[in-house]
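Q: Dumping what TrEMBL says about this protein:
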{"type": "ACT_SITE", "residues": "CYS188", "note": "active site, nucleophile"}
{"type": "BINDING", "residues": "ARG208, SER209, ALA210, ASP211, ASN219, HIS249, ILE250, TYR251", "note": "dUMP binding site"}
{"type": "BINDING", "residues": "ASP211", "note": "(6R)-5,10-methylene-5,6,7,8-tetrahydrofolate binding site"}
{"type": "DOMAIN", "residues": "7-306", "note": "domain 'Thymidylate synthase/dCMP hydroxymethylase'"}
Amino acid sequence: MNHPEYQYLNLLKEVLKTGIKNVDRGTGAVSYSVFGRQCRYDLSKGFPLLTTKRTYWKGVLHELYWFASGQSNIKYLVDNNVHIWDDYPYKIYTQKSKKVEQINKEEFIEKIKNDKKFAEKWGNLPKIYGELWRRWPTRSERTIDQLQWVIKELREDPYARNAIVTSWNPEYLYTMATYEDASRFPICHNMYQISIKDGKLYLQLYQRSADLFLGVPFNIASYALLAHVVAMVLNVEPGEFIHTFGDAHIYENHIEQVKEQLARKPKPLPTIRIKPKIKEINEFTPEKIILENYDSHPPLKGELTVAGGFYEKKS
């Protein structure tokens, strides 16, 4: 029972057993949830890429680079054959396009890939993670590079308690925003804090909403990788990734897959290497990350539920 993956598996069990039923007011999607949980992963004991199902490592790697490089247009992901974000801009397109006959999602993605002007107009997801990490907007029209500031702060003061990156901006969220300003994407993993203790880097993520079956395996790997990258930039050892949840839920249409996953036993965790060495955050590229000894059970697929976040204009 000492395998770190059991923390995640036990959370799945708890939600199946005691989770409270929720019905999304916008989509009608049914889920079962608990509130206020935490998992901790010692990064010296392996890289926490789930082994009880195959986790889409290529997607994790390119998505984190997309965030960390400050991008918000899905064209980079599409060009690298990563399609985990396709649904969101396509939904915006179907809501806002004034064309009489709209194209289907496959045609939409093909145009994102091959039509620069179309990609600039419809591929952008403003006010999401990459933009907010690296170009947080202010009233004075300047932008703040939160991630670079955190690195600078920890270099100057390794004991700093204010090394926080947030993606939660009420000005752009839900009915707190105007229709024109509202983000069409629900910010889920909304804040992380980095701390250095005894030469080791600790990264704690607060995730206000967590899709345990589909999203959380990505989130675990993504922020654990971010901890490794920032630790190398700061010339310290990776310590722990601490994953703190608000609403942790399983969608009803994922329950059978979750039960199958729970019947599996975890395998030894993989490791990662970063080569060549990264001295600045902007030197991070997917090609420098090497995943080693990843042995997992087969993948388990589930349908993405696009719930919440979309500001529907009332007539």
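Yeah, the Cβs are placed from backbone N, Cα and C, and that goes for glycine too.
Describe the structural surroundings of these features, if you would.
A: Taken residue by residue with DSSP, CYS188 (active site, nucleophile) is part of neither helix nor strand, so it is coil.
Under DSSP, ILE250 (dUMP binding site) is assigned to a strand (E or B) in the three-state scheme. Around ILE250 (dUMP binding site), the C-beta neighbours below 8 angstroms that are at least 6 residues distant in the chain are LEU12, VAL15, LEU16, GLY19, SER31, TYR32, SER33, ASP211, LEU212, PHE213, VAL258.
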Q: Might you list, by sequence position, any residue in that chain lying six or more from ASN219 (dUMP binding site) with a Cβ less than 8 Å away from its Cβ?
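A: Once residues fewer than 6 apart are set aside, ASN219 (dUMP binding site) is near HIS189, LEU205, GLN207, ALA210, HIS243.
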Q: Reported as an integer number of Å, what is the Cα distance between SER209 (dUMP binding site) and CYS188 (active site, nucleophile)?
A: 5
Q: Which of the binding-site residues listed here (ARG208, HIS249, TYR251) have a Cα atom within 10 Å of the Cα of CYS188 (active site, nucleophile)?
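A: Checking Cα-Cα distances against CYS188 (active site, nucleophile), the binding-site residues within 10 Å turn out to be ARG208.
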Q: Taking every protein chain in this structure into account, which of the recorded positions CYS188, ALA210 has the most other Cβ atoms within 10 Å of its Cβ?
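A: Within the set of recorded positions, the most crowded position is ALA210.
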Q: Any idea of the Cα spread of the dUMP site, ARG208, SER209, ALA210, ASP211, ASN219, HIS249, ILE250, TYR251, as a max distance in Å?
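A: The span, Cα to Cα at its widest, is 17 Å.
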